[in-house]
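*Asks:* What TrEMBL shows for this protein is this:
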TRANSMEM  30-49  transmembrane segment
TRANSMEM  55-75  transmembrane segment
TRANSMEM  122-143  transmembrane segment
TRANSMEM  149-168  transmembrane segment
Amino acid sequence: DSIEDIEDVSLFDADSDVSRRLKKTKIRHPVASFFHLFFRVSAIVVYLLCELLTSSFIACMVTIILLLSCDFWAVKNITGRLMVGLRWWNQVDDDGKSHWVFEARKVSAQGSKTSSEAESRIFWLGLITCPMIWVIFAFSALFSFKVKWLAVVVMGVVLQGANLYGYVRCKVGSRKNLTSMATSYLGKQFLRQVRIPGLWKPS
């Protein structure tokens, strides 16, 4: 994590602007970006098509749970650290007490980052969208009385929801209250909408 990229400094502002734009759109970890989406999307596809592919419920259930488990491990231990510089884990101290640690990579003095905006979009899009899809599947299985699929769907919600919660805590800070953060954000958005241009200037 401490390795920083070394870049040549351009002599012209136009060249430096182009290089900054390329840096923002470049995917530095294509393998991690691929597997960040592969396991979770594959689990959703298998869930949707399993009844067409095979009549064995056990085979479908085992396949989906394996994909969800691989996704949980890969996102928690690899893709979050490489793509956005975040990680979370459980730690047991000397007294035997277990507590959760939420960590974000510190930006260097030059302000350089090891992740790009493109990777960040891919990471958060996959992290947020897929748990929402599993929640929809949960309500669908519940209301259609597909009790045998409910355990599989709940597993998807729990595993992917845990990663979502952990990385949101990493992003906003482990000591901040998520409710107070949301209230503060909504308050800022409200003030931004109601302020009159020209009468209010930021300090």
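Sequential numbering from 1, following the chain as shown.
Cβ coordinates are placed from backbone N, Cα and C, and glycine is handled just like the others.
What you are looking at is a predicted structure, and each value in this text was computed from that prediction instead of being measured.
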*Asks:* I need to check the long-range neighbours of the transmembrane segment (55-75): which residues 6 or more away from its ends have a CB within less than 8 Å of a CB in the stretch?
*Replies:* 35-36, 39-40, 42-43, 46-47, 127, 148, 151-152, 155-156, 159-160, 162-163
*Asks:* Using a Cβ cut-off under 8 Å, which residues of the same chain at least 6 positions beyond either end of the transmembrane segment (122-143) come close to it?
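*Replies:* For the transmembrane segment (122-143), the sequence-distant neighbours (Cβ-Cβ under 8 Å, at least 6 residues beyond its ends) are 27, 33, 36-37, 40-41, 44, 47, 75, 79-80, 83-84, 149-150, 153-154, 156-157, 160-161, 163-164, 167.
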*Asks:* Go through the chain and flag residues at least 6 beyond the ends of the transmembrane segment (149-168) whose CB is under 8 A from any CB in it; none is fine as an answer.
*Replies:* 40, 43, 47, 60-61, 64-65, 68-69, 71-72, 75-76, 80, 84, 86, 88, 100, 102, 127-128, 130-131, 134-135, 137-138, 141-142, 178
*Asks:* Which residues, given as numbers and ranges, are at least 6 beyond the ends of the transmembrane segment (30-49) yet have a Cβ under 8 Å from it?
*Replies:* 60, 63-64, 67-68, 70-71, 74-75, 78-79, 82-83, 119, 122-123, 126, 130, 133-134, 137, 149, 152-153, 156, 160
